[in-house]
Structures are given as C-alpha cells and as structure tokens.
Amino acid sequence: MNQIAISILAILFAVPLIWAAVTSITPSDEMLTRANPFAVSHPTFNNYVAAWQTIPFPVYYWNTLLIVAGVLVVQLLTATLAAYAFARLRFLGQSLLFILFLVQIMIPPDILIFPNYTIMKDLHLIDTKWAIIIPFWASSFGIFLLRQTFKQIPYELDEASRVDGCRWWQSLWHVYLPSARPTYIAFALISISTHWSNFMWPLIVTDSVHNRPLTVGIAIFAQSSETGAQWGTVTAATLMVIAPLLIAFFFFQKQFVESFMHAGIK
Amino acid sequence: MTRHLLQVFRRYNWKDNILAYALLLPSLIFLVIFTFYPMIKVLDLSFYESVMNERRFAGLELYGHVLRDEVFLKVLRNNMLLALVTVPVSILLALYMAVWVNGKLRGRSLIRAAFFYPTLIPMIAIANIWLFIYTPDYGLLDKFLGLFGIEGPNWLGDPAWVLVSMMGMLIWKESGYFMIFFLAGLQVLPKEIYQAAELDGAGPLRKFRTITLPLVMPTTLFVLIIATTNSFKLVDHLYIMTKGGPNNASNLLLYHIYETAFSFWDMGKASVLTVILLVILLVISVFYYGYLDKRIHY
C-alpha cells in the first residue's frame, strides 16, 4: 500500500523530466497534433541540432564552467580556513562573529541585487565574469557545514599529529581534509548546482554573449520563441543545460545523500 | 570593569586569537563587501530620491509612498500567501517522503532520485518546462485533465489561478530538498525506541505520532526557516513564465525589486523595497536564533 502510494508520487515527480525528454525528440510537426503527449512516431535529434546551431552553446558552457569553478575553488579555501577557526580555536568575539557569519545564510548576495549592482559598478566590473563570481567567494553555508564536520573529528587525532611535529596547517591537511571528504563532496555539489543555476544576478551584471552563463543564454532564447512548434528546441536546449548536473548527481548520488546524513545537518 | 576585561583577555591565548582572525579574514572581507556593506548602503540610499541623476534627501517620504502603493501591497500579499501555502505543504510532503524513503522500499534510490532531482536543476530550466506543462489545451496538464473531460483554466493567464500554478511548481521543486534534511534527521533516531514501541504493539501511525514527530522537531524548525527564506528568494521563474503578471497577480518581492531597479531605474524605491525585504528576512532570522536556536543542539 505504502509502496504503491510512494511509487505513484515518485512517478508524478519524475513526469516533467520524462515529458521534457520525450518532447525534446519530437519533431515540430508532431508537437501540436499528437493526442498522447508521451508518444513520438518519428523520434529525431533535429531539435538538439537546431538548438546547438542557434545558441552559442560552447561559449555559454565555457562561461558557466569558469564561473562555477571560480566560485568553488575560492569558497573551498575560505570556508576551510574559517571553519577550522570556528571549530578548533578559542578567540575573542567568537560567538558574535559566528552569528554575523550566519546572517549570510538568511541574506545571501542574491537578495542584495540592487546595492551589489552599484558596488560592481563602482568597481568597474559590470559585464565581466568576475562580477558574477566574486560576491560568492565567502560561503557561510560552507563554513557552517565544515565546522560541524571538523567538530566531530576526535581532538586526539589532531593532538597526535601535533606531537609528531605537525604545524596547524599540516594537521589541517593530513587530518581534517581527508576526514571531511564526504562533506566536501556534498558542499561541492550544492555549490556547483547553485551557481550553475544562478540566473538573476548574472542577468543583471552581464550584457554580452562572451560573459553570459548558460542560464541567461537559454532564458533569452526561450523568450524569443513562444509558439508550440518550437517547444522541441526549447526543451532540447533546456535538457542540454541540466544534463551535466543530472549526470554529476547520478554518479555521486550515494555519496551525496550519505554525506548529507553524516554532515550533522539536523 | 577594567579588571574584569583583563581577566577575560588573559583567559584567551593570544597566538590562537591572531591565528583565528587571520583564518577568518579572507571570508570576512567578502562578507563585509557583499553582505554587510550593501545592507548599510541600501539603507542610506532608501532615504534619497533620485530625480534626473540628482539625489534629493527625502527622509522617510519614499517609505510612505511605497507603503501606500497598491502594487507593492499586492506583491507583498502574494509573497506572504505563497509562503503560507508552499512552506507547510512542501514540509509535510518532504516529511512524508522521508519517512517512507528511509524505510525498506523497492527501488529506493530511484525513488529518492525522483524526489530530489528538481532541487538540483536551475529554476530557469524548470520554468521552461512548466511553461509548456501549463499551456492551455496543448500543455501536459490540460491533456491529462482532458482524459477526465475536465477543461482547465488558463493556468498562467488567469489572475485567479496564476499564483496557485506557481505554488504547485514550487512545492514540486522544493520538497525533495527538505526531504534530504529529514532523511538526515531520521538517521540518528535511536532504533531501540521503535523496537520497544513495536513490542507494545504500536502501529505505524502511532509510532510516527509519538516517536518520529517529536524527535524530528529540531529538523522541522530548521527546514521551516530555510523554506520561509527561500519563498522570498525564488523568483527566476517569473522572468520566463509571467513577468509578474497578469496584472501583478504572480509578482513577488524580489522580482518587484528587480523591475523597479533595472527596468524603471527608480533607485530610491528599489532601495526602500530592498530594506523592507531585509527587515522581513531579519525578523525571521532573529526568531530563528533567538527562539529556535535554544531548541536545536548543533
């Protein structure tokens, strides 16, 4: 009974993706005439070809990759250092600073689109990839997640490495980083999907093809085509945008779900 | 006082202090530039009206305009309504999914993936797909309703239906995300209590009500906060699906800020709207840290 109910719910959740996949291989002359929206009489990859030829995908993919990597690499560094400080050092104003850091979880830079736009303008960074990347270089969510994990690592391990003559950065490298691997994977996947998906902020701070990410690119493309005949191309383009995320999730699913469970987010 | 301070200072190891601040500095720099400074800056900007590239001090005048503006009130009402419906519904759905997905099920990881994938993909992509699902007559939803001889309304074109349609989509997108948090919360529940309850002959419903529900309360409160703040943050779909229309029936606060700032270039009003959104989010966080934090053990 429950097996049936939950399975139906899961199918319901999967339907939009399945339908999008079917639509993306439906030729445009079948699109509006078909009675069953899941039936395709002549499946075709033409929609993908058309989308690839209309949208400068290579540029957009490259931009998105640069943005995602540019955010993640620096985030990992800043979050690791800050998380170590919060987890293992005692210092003046610790709890006050921690609360200040947590404010960013409630008020991320995305909310502050207007003032941050004026700041980017003052910095002369409008229409650069830097404008998309830099505001996210500090991630309170990452700090919070890593701090939880670091706190669970037995202090004796840390002390043992100190006795062996390790300096703090050496024990961070040899003890904390390897133990926190699942948390790093969980955080990396979240960060990648967040910045792969980011739309409003890049839309505001860029206005040329060579700086735009995928999301802004396909949004502009989708806006220019509203008739049913073009559904095929739009869904094909949309699937090309989300495919890398779905593949990454598929590969890391087990690790991802498990690390979330062990990361102490409760 | 001074002696007390001195005592506090002595308790701290100075090397640790310097190291800690050095480690926090990189994060702190970006936090200050892109979170704290903009918050102060936008508060300052909200007191000025900009007319033809000139700034005129307006005090609280702009706040008066905004608070009496019918469009703003409508947008605020939409956002509140959206939060009031999507937050509880998606949390309950997430809890339901988590409880079953945590147990023994056939095709468990496939089912988990089906619930979670909407969280992962961009809102812009979701909007593209759901725009077609909601299309009258040809769309997937109307085709499905057609099987039962029901003629659907104009989901995105009818002011009475557009917000409801958006709610459905957002619940679909968000529930899987919250499910993961509940799944994490359920993992740490002690198995012995369930075994003892089973010995007493407790059924699944009673076990859920008397054991699971009270024990996942901290998770629920945490998810509640994320869900509430998210309901003020998720706006990308409006750009694709409705542009806030028809007649602002689907418009939300952040999208209204975007339009005010970048379509109408009304700096003063955009600042006032941002300040109001910040106040709403800060009230939620104060509630969180002041009230809920005492009930959650990190």
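For all residues, glycine too, the Cβ spot is worked out from N, Cα and C.
Residues annotated as domain 'ABC transmembrane type-1' in TrEMBL: B:76-288.
Same-chain residues lying 6+ beyond the ends of the transmembrane segment (B:21-40) with a Cβ under 8 Å from its Cβ atoms: 278. The transmembrane segment annotation in TrEMBL covers B:21-40 (among others).
What TrEMBL lists as transmembrane segment is B:80-101 (among others). Residues of the same chain lying 6 or more positions beyond the ends of the transmembrane segment (B:80-101) and with a Cβ under 8 Å from any Cβ of it are 108, 111-112, 115, 163, 166-167, 170-171, 174-179, 181-183, 185-186, 208, 212, 216, 220, 223-224, 227-228, 231-232, 252.
Summarising the annotation, TrEMBL assigns transmembrane segment to B:113-133 (among others).
Annotated transmembrane segment per TrEMBL: B:160-189 (among others), in sequence order. For the transmembrane segment (B:160-189), the list of distant contacts is 78, 81-82, 85-86, 89-91, 93-95, 97-99, 101-102, 112, 115-119, 123, 126, 130, 134, 153-154, 211-212, 215-216, 218-220, 222-223, 226-227, 230-231, 234, 237, 241-242, 245-246, 249-250: same-chain residues at least six beyond its ends, Cβ to Cβ under 8 Å.
Under the heading transmembrane segment, TrEMBL lists B:210-229 (among others).
Residues or ranges marked as transmembrane segment in TrEMBL: B:270-292 (among others).
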